[in-house]
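**Student:** Can you keep this structure in mind? I'll have questions shortly.
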Amino acid sequence: MPLSKVEHYLSYHTRLLLPHVLSLQSSHRVAYIFSLLSAVSTGFITLISLYSQPWQKHLNYSSWQINTIASMTNLGMYLTPPILGMIADSHGPITLSLLAIIGFIPSYSYLAYVFNHPELSLGGNGDSSFNLSIICFVFIGISTSALYFSALLTCTKLYPHTKLLSISLPTTCYGISSVVGSQLLRIKWFWSSNASSSSSNSDLNLGRVFQTFALVYVVIGLLAWIATSVVSLLHFNEEQDNQKRLDDQTDVEQSPLLERSNHVQEKFTQTMLRIFSDPVTYILAVSILLSLGPLEMFIANMGSLTNLLVQLDAPTLSTKLLSTYALSSTFTRLLTGIVADFFAKKKISIKWILLTFLSLGVCAQLFLLKMTSSASPWGLVPTGSLVGIVYGGLFTVYPTLVLLVWGERSFGTVYGSLLIAPAIGSMIFCMLYAKFYDSRCMSGGGDLRNPSCISAVYKYSSIAFVVSAVLSAVVFWKLKSRKLRI
């Protein structure tokens, strides 16, 4: 298929310039490095867990408002992959890099302006300011998925024959990004003393943070544009070669090709209808909702939970907790991929990996329940590490399971559709957390009460993980009855 008009115009000047500046091999390498840098920046969205305390102190946001922001961000991230995949297939990954630029830069610029002008949130226009902030975070969520898919597709198209370069490294870079971001925010320039407080503790200055992110994405957007233009150049050259070969063929030879193409498209449509009428698809979706929903809740409310348990020096502990979580998640993604390949060679079912991570998820929720019930912060960082292990493991096992059950051709559509489940799960559990936090954990004077006020949330999340494990077992039982060896 030739370049679409959109892809043609977006990549036109870069395609003309690149062959005069770099060789084809050098273009490959530069584009790949730029794509990895893009992937490293996509996980900055996870830093939202560090924004809770500054929002509460500086803009008087309630936990409900903060969790609304987190939920809408996740909806933007998880509801759009099927659409973004269709756009990328039709117009190339360069369109996704453009969407990311359009979404990130104005959104972060506006959020910085709102934080630097708290009167917008505290005055009569507070609702409109907050609503616009929600819209900005929806765009940031969409842009995060767009930039990540842009980087992933570019790596896949540049090195399609090696999973390490095409899948593992960009995925790992996404995991590392929250570590990079949390370390970046340790720089003193991002912190400022609260003049209205007698405490010597400093607060994160989100105005400076968001301004910095806007500038970072200007640079990253340019690098992503160059990287995706290389993919368009390769596609353009490939189409020219194919056209030359087609010109040498007769019309008689071309006719069966068209018939075969129509047959393949019809078969693909039938496969999609069969998949989305299969009960296993929906049982798996509910299992994903009940497991990833509580994990997204923990990530979004890491800062407020730390503040409940510790209160003194909570921002420092929140940063440490996020770094520990991110490192554990990144390491687990790599290790799970290696173990899954080993299991496949030894013909061991992947269900043991999935059920192990779900069991660890139950343990993590029970640890959080114990900590909040006893009002003891001991073990918070190790528990955060355990949550990172479960999160990274599940986000590696679930796509692997989809690939094994429904095949490579249907993978993008099926897995992209299943990502709606964690978006809904995140919204449900984040709103549950916010409801308990605002109604039980805040006194009339705005002071925090005993951490046990939030413990009921982790009872529900523990039950959710148990039900998720049971549903996963049902999925494997149904697949086994169909004689599918996974």
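For all residues, glycine too, the Cβ spot is worked out from N, Cα and C.
Under the heading topological domain 'Cytoplasmic', Swiss-Prot lists 1-29, 89-93, 155-163, 234-279, 344-347, 407-413, 478-486, citing sequence analysis as support. Annotation comment: Swiss-Prot describes 30-50, 68-88, 94-114, 134-154, 164-184, 213-233, 280-300, 321-343, 348-368, 386-406, 414-434, 457-477 as transmembrane segment, evidence class sequence analysis. Taken from Swiss-Prot, the feature topological domain 'Vacuolar' covers 51-67, 115-133, 185-212, 301-320, 369-385, 435-456. Under the heading N-linked glycosylation site, Swiss-Prot lists N60, N131, N194, citing sequence analysis as support. Residues or ranges marked as phosphoserine by Swiss-Prot: S255.
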**Student:** Rounded to an integer, what is the Cα-Cα distance in Å between N131 (N-linked glycosylation site) and N60 (N-linked glycosylation site)?
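**Tutor:** Just about 15 Å between their Cα atoms.
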**Student:** Between 30-50, 94-114, 348-368, 457-477, who has the most Cβ pairs under 8 Å to the transmembrane segment (213-233)?
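**Tutor:** Against the transmembrane segment (213-233), the leading stretch is 94-114.
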**Student:** Sequence-remote contacts (6 or more beyond its ends) of the topological domain 'Vacuolar' (369-385), Cβ cut-off under 8 Å?
**Tutor:** 302, 305-306, 308-310, 317, 320-322, 324-325, 327-328, 450-452, 454-455, 458-459, 462
**Student:** Under an 8 Å Cβ to Cβ limit, what residues of the same chain, 6 or more beyond the ends of the transmembrane segment (280-300), are close to it?
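**Tutor:** Counting only partners 6 or more residues beyond its ends, the transmembrane segment (280-300) has Cβ contacts under 8 Å with 46, 48-49, 66-67, 70-71, 74, 325, 358, 361, 365, 368, 387, 390-391, 394-395, 398, 401, 405, 414, 418, 420-422, 424-426, 428-430, 432-433, 457, 461, 464-465, 467-468, 471-472, 474-475, 478-479.
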**Student:** Please work out which recorded stretch in 68-88, 134-154, 457-477 has the most C-beta pairs separated by under 8 angstroms from the transmembrane segment (30-50)?
**Tutor:** 134-154
**Student:** With Cβ-Cβ distances below 8 Å as the criterion, list the same-chain residues six or more beyond the ends of the topological domain 'Cytoplasmic' (478-486) that contact it, or say none.
**Tutor:** 279-280, 283, 347, 349-351, 401, 404-405
**Student:** Residues sitting near the transmembrane segment (321-343): Cβ under 8 Å, six or more positions beyond its termini, same chain?
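**Tutor:** Counting only partners 6 or more residues beyond its ends, the transmembrane segment (321-343) has Cβ contacts under 8 Å with 43, 46-47, 49-50, 168, 171-172, 175-176, 178-179, 182-183, 299, 302, 306, 349-350, 352-353, 380-381, 384-389, 391-393, 395-397, 400.
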**Student:** On a count of neighbouring CB atoms within 10 A, which of the glycosylation sites N60, N131 is highest?
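**Tutor:** Buried the deepest by this measure is N60.
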**Student:** With helix taken as DSSP H, G or I, strand as E or B and everything else coil, how many residues of the topological domain 'Cytoplasmic' (89-93) land in each class?
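**Tutor:** Result for the topological domain 'Cytoplasmic' (89-93), in helix, strand, coil order: 3 helix, 0 strand, 2 coil.
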**Student:** Going by DSSP assignments with H, G and I as helix and E and B as strand, what are the residue counts for the topological domain 'Vacuolar' (369-385)?
**Tutor:** 12 helix, 0 strand, 5 coil
**Student:** Summarise the topological domain 'Vacuolar' (51-67) as counts of helix, strand and coil residues per DSSP.
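**Tutor:** Taking each residue of the topological domain 'Vacuolar' (51-67) in turn, the totals are 12 helix, 0 strand, 5 coil.
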**Student:** Would you kindly check 68-88, 134-154, 414-434 and say which stretch has the most C-beta pairs under 8 angstroms to the transmembrane segment (457-477)?
**Tutor:** 414-434
**Student:** What residues in the same chain, six or more past the boundaries of the transmembrane segment (134-154), come closer than 8 Å to it by Cβ-Cβ distance?
**Tutor:** 31-32, 35-36, 38-39, 41-42, 45, 68-69, 72-78, 80-81, 84-85, 88, 93-94, 96-97, 99-104, 106-108, 110-111, 167, 170-171, 173-174, 220, 224, 227-228, 230-231
**Student:** Given a Cβ distance threshold of under 8 angstroms, which distant residues of the chain, six or more beyond its ends, lie next to the topological domain 'Cytoplasmic' (155-163)?
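**Tutor:** For the topological domain 'Cytoplasmic' (155-163), the far contacts come to 28, 31-32, 35-36, 39, 93, 169-170, 230-231, 234.
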**Student:** Per DSSP, what is the residue tally for the topological domain 'Cytoplasmic' (1-29) in helix, strand and coil?
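**Tutor:** Its residues divide into 23 helix, 0 strand, 6 coil.
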